[in-house]
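**Q** Mind looking over this structure? Questions follow.
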Amino acid sequence: MDFSIKACDWTKGSSNGFLTGKSDCIVIGVFESQTLSGAALEIDEATRGLLTRIIKAGDMDGKAGTTLFLHEVSGIGASRVLLVGLGKQDAFNQKAYGDAVRAAWRALLGTKIVQVTFTLAQAPILERTADWGVRAAILALRELTYKFTQMKSKPENAARALKRIVFSVNTGDEKAAKLAAKQGAALANGMDLTRDLGNLPSNVCTPTYLANTAKKLAKDWKLKVEVLGEKQCEALKMGSFLSVTAGSVEPAQFIVLQYQGGAAKAAPVVLVGKGVTFDTGGISLKPGEGMDEMKYDMCGAGSVLGTLRAVAEMGLKLNVVGIIPAVENMPSATATKPGDIVTSMKGLTIEVLNTDAEGRLILCDALTYAERFKPAAVIDIATLTGACIIALGHHNSGLFSKDDALAGELLDASREASDPAWRLPLDDEYQDQLKSNFADLANIGGRPAGSVTAACFLSRFTDAYPWAHLDIAGTAWKSGAAKGATGRPVPLLAQFLIDRAADGRATQ
């Protein structure tokens, strides 16, 4: 799809191309009120009160999510007008805007309309700007049109009529809106990559497949890539990472990608993504019901690849490193057993009390490896704990950090990107739950505060830099009829990096 921006003076709707421009359809928002404003007022005046008459007749009341097509309206250049109910104006926040946008896209996607003039981004969204509305609309459309059918014998490649979307904004918003459109397309492309990787079955998306995907990404976007095999990881004394792959015939891959958009010596942001391409639980075997969804246990890795793709497409002026420890966690005669003790790259010994708490075992060595980049910040992303789902459900990702400034940046980014996260505690008192009689620490801390103790475990390997942990177990994919990867938290991570790139620290 092609996205473009058309700037105009909205106070002169009928004389500057806003209403007279040719297209298949123009999308107009109508608030739940007898008083028209914005684009709706302009179109009402241009049509001698048509909208006023429609509202009085009860055909469109402006209630949230309602839509109405008008055909061949005199005085309007578009062949059709799509009216979209926006609800109450004083409650028109980012959620209400998202609902309205999705209602509009659904109505349009059911037609043969090819080109649309879209005005909803210029509506008065509470605490948001028109450029934010442009980007959000692009992401909503791309989410609605995403389909994963490539594993079917006859993939569904039904061509959609809708090809071109022109966002109509005020002249003063043009520059920001053009940047937002570019960002929206890049984010959508990154999210699609993340979704595709998550939705692939684990017999296709193996650690080697992730490594090959990283290599292709590096070739396409001029990134630097290095893939360490098991012998190289042994030489680096990554005993914790390698303990997880011990039961699998699939070779582990330790993937490192580098994007150089900032100054050569500028400290990078490092993203570490959990890449367990299938998690049976190992010897601590999971129940069979729902185990198919454990192909999504590599969504942290997928989000790192998707974010790097988006960053490269946007050309952000900062340095980013992606680290992906990729393994399968399988039971076999050679698998790590409960009670085994392994030695991490940092030198700390770990008693593996539960082999299904494997994500932290691969992440801890990746976090130690990250030290060599002298990072400005490190963020790990992992489908780490079911406890996080119990705590937060499927709306917020769990955020853990002892660095208030870094946590604040990530929370601000989550709100701006509509990719919410919630900060959870990381108090030192929880560390006591990880004590072991036989090793420096255990890999689990019991049932209480399971997501917190998992983060506490990771924190033991992050003394050298500012660090945050995102537990995306509840947000990386959906179950049930809408089963599939969500592409989260690519928007959050990308927004964090956009904000960092706008800060002088990123290029120094």
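Cβ atoms are placed via backbone N, Cα and C, with glycine included.
Swiss-Prot lists Lys274, Asp279, Asp297, Glu358 with the feature Mn(2+) 2 binding site. Summarising the annotation, Swiss-Prot assigns Mn(2+) 1 binding site to Asp279, Asp356, Glu358. Residues or ranges marked as active site in Swiss-Prot: Lys286, Arg360.
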**Q** Out of Lys286, Asp356, Arg360, point to the one nearest Lys274 (Mn(2+) 2 binding site) in space (Cα versus Cα); all of them are recorded positions in the record.
**A** Arg360
**Q** Quick one: pull the CA-CA distance for Glu358 (Mn(2+) 2 binding site) versus Lys286 (active site), whole Å only.
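**A** Given the Cα positions, Glu358 (Mn(2+) 2 binding site) is 12 Å from Lys286 (active site).
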**Q** Judged by the number of other CB atoms within 10 angstroms, which among Lys274, Lys286, Arg360 is the least packed of the recorded positions?
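**A** Minimum Cβ neighbour count within 10 Å, taken over the recorded positions Lys274, Lys286, Arg360, occurs at Lys286.
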**Q** Determine the Cβ neighbour count for Asp279 (Mn(2+) 2 binding site): the number of other Cβ atoms within 10 Å of its Cβ.
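**A** Excluding its own Cβ, Asp279 (Mn(2+) 2 binding site) sees 26 Cβ atoms within 10 Å.
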**Q** When you put Lys286 (active site) at the centre and draw a 10 Å sphere around its Cα, which of the recorded positions Asp279, Asp297, Arg360 have their Cα inside it?
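**A** Final answer, ordered: Asp279.
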**Q** From the centroid of the CB atoms of Lys274, Asp279, Asp297, Glu358, the recorded Mn(2+) 2 site, which same-chain residues not already listed sit within 8 A by their CB, in sequence order?
**A** Val244, Gly275, Val276, Met294, Met298, Val327, Asn329, Gly359, Ile362, Ala382, Thr383
**Q** What other residues of this chain sit with their CB within 8 A of the center of the CB atoms of Asp279, Asp356, Glu358, the recorded Mn(2+) 1 site?
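**A** Going along the sequence, the neighbours come out as Val244, Val276, Thr280, Gly281, Gly282, Ser284, Lys286, Met294, Asp297, Asn329, Thr355, Ala357, Gly359.
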**Q** Around the C-beta of Glu358 (Mn(2+) 2 binding site), how many further C-beta atoms are within 10 angstroms, looking at every protein chain?
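**A** I get 29 for this one.
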**Q** Do you know which of the binding-site residues Asp297, Asp356 has the most other C-beta atoms within 10 angstroms of its C-beta?
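**A** Of the binding-site residues Asp297, Asp356, the highest Cβ count within 10 Å belongs to Asp297.
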**Q** Under a three-state reading of DSSP, tell me whether Arg360 (active site) is helix, strand or coil.
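**A** DSSP assigns Arg360 (active site) to helix.
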